[in-house]
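One structure is given below, encoded as structure tokens.
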Amino acid sequence: QTQLFGVLLAAASNFLISVSLTIQKCTHLQLASQTEPKPYYISKRWWCGIILLGLGEVGNFTAYGFAPIALVAPLGCVSVIGSAFISVLFLKKNMRTADILGGTLTVTGIYLLVTFAPNVPQEITARQVQNCLVSWPFLVYSILEIIIFCILLYFYKRKAVKHIVVLLTMVTLLASLTVIAVKAVASMVTLSVKGKMQLTYPVFYIMIVLMATSCAFQVKFLNQTMHLYEATAVMPINFVFFTTSAIISGVIFYREFQSAALLSLFMFLFGCLLSFLGVFVIARNKKEEHLQVPFIDCGHIPGQNLTGKIQPDSHSSYYGTLNNEDDLVKSQ
């Protein structure tokens, strides 16, 4: 019952996040269509979306205290499904065959995830967290993560390598630490609310610092990725990377699949695969919406008959200079 409550809480929280993002998108589109656009932060609807987003994130955080990481993390696909279908109602988008197919695959994957997820005790005390921090599997895992992150950071800073896989891999390495810390903090807070005080242990505050630091740098690199690439490309890859790293973190740090049967493990991984495939199908060939920016079409200025280019091609050798064609236009 405790694990089921965590599953329902995570699913509801992710659906709430999709609703909040849709509300914010509606607000931006409505303000952009006005003759005198107002700042979005003075809109009550936008603030309503922000509040719902905060409630969804709090719900996700709380869900880690009641369900395993391997079960809560993949349920992030609920927000993808929610966004795809809510946009049809509120943003007047067309329902695509890919949305129906992807939604069916994702729902089937979620069912397998919930059915065959590891059933492990979720009351993790501060002493258990301390023991997990100094266990040799986690120490080896941490050293490997640090080495890989430093190598990627070197290529990112020194060699200016900004490929989407490089950026999202750094986000994933940070996210694995965030998930471990969130699970520990949520579990200790839950136990403290039940009367088993855990907040007096130093490891609780160590985990809070680890959670805040890793989350801050994770957002930094994720924003950089969103700036360089389309959201339709970032979303599915980031979901797959994040979910995979979260499951590995739960296996190594909290030993969530220690007593799982081979068939249950196979069906759980198959459910993850279906969820990944569903997210990719929904995001595939999905067009990005850009707000219309008013501009003057210089090719249709009344009374002017232009016979050449107004601006040379930026990729040509004449960019920033006048070529022969421009000299002819200038003489005319």
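Quick reminder: no glycine exception, Cβ is built from N, Cα and C everywhere.
Straight from TrEMBL, the features:
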TRANSMEM  6-24  transmembrane segment
TRANSMEM  45-63  transmembrane segment
TRANSMEM  69-91  transmembrane segment
TRANSMEM  98-118  transmembrane segment
TRANSMEM  138-156  transmembrane segment
TRANSMEM  163-182  transmembrane segment
TRANSMEM  202-222  transmembrane segment
TRANSMEM  234-254  transmembrane segment
TRANSMEM  260-283  transmembrane segment
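Sequence-distant neighbours of the transmembrane segment (98-118) (same chain, 6+ residues past either end, Cβ-Cβ under 8 Å): 3, 7, 11, 67-68, 70-71, 74-75, 77-78, 80-81, 84-85, 88, 256-257, 259-260, 264-265, 267-268, 270-282, 284-286.
Taking every recorded stretch in 138-156, 202-222, 234-254 and counting its Cβ pairs under 8 Å to the transmembrane segment (260-283), the highest total belongs to 234-254. If you look at the transmembrane segment (138-156), the same-chain residues 6 or more away from its ends with a CB under 8 A from one of its CBs are 132, 162, 166-167, 169-170, 173-174, 176-177, 249, 252-253. Tertiary proximity for the transmembrane segment (234-254) is limited to same-chain residues at least six positions away from its ends with a CB under 8 Å from its CB atoms, namely 68-70, 72-74, 76-77, 80, 120, 124, 132, 137-138, 141, 164-165, 168-169, 171-173, 175-177, 179-180, 183, 222, 225-226, 272, 275-276, 279-280, 283. Using a Cβ-Cβ cut-off under 8 Å and counting only residues 6 or more beyond its ends in the same chain, the transmembrane segment (69-91) has close neighbours at 3, 6-7, 10-11, 14-15, 17-19, 21-23, 25-26, 29, 60, 63, 99, 102-103, 106-107, 109-110, 113-114, 117-118, 179-180, 183, 235, 239, 242-243, 246-247, 249-251, 254, 256-257, 268, 271-272, 275, 278-279, 282-283.
Proximity of distant same-chain residues to the transmembrane segment (202-222), defined by a Cβ-Cβ separation under 8 Å and at least 6 residues beyond the stretch ends, is recorded for 126, 129-130, 133, 167-168, 170-171, 174-175, 177-178, 180-182, 184-185, 188, 234, 238. Sequence-distant neighbours of the transmembrane segment (163-182) (same chain, 6+ residues past either end, Cβ-Cβ under 8 Å): 61, 64, 69, 73, 145, 148-149, 152-153, 155-156, 207-208, 210-211, 214-215, 217-218, 221-222, 224-225, 228-229, 233-234, 237-238, 241-242, 244-246, 248-250, 253-254.
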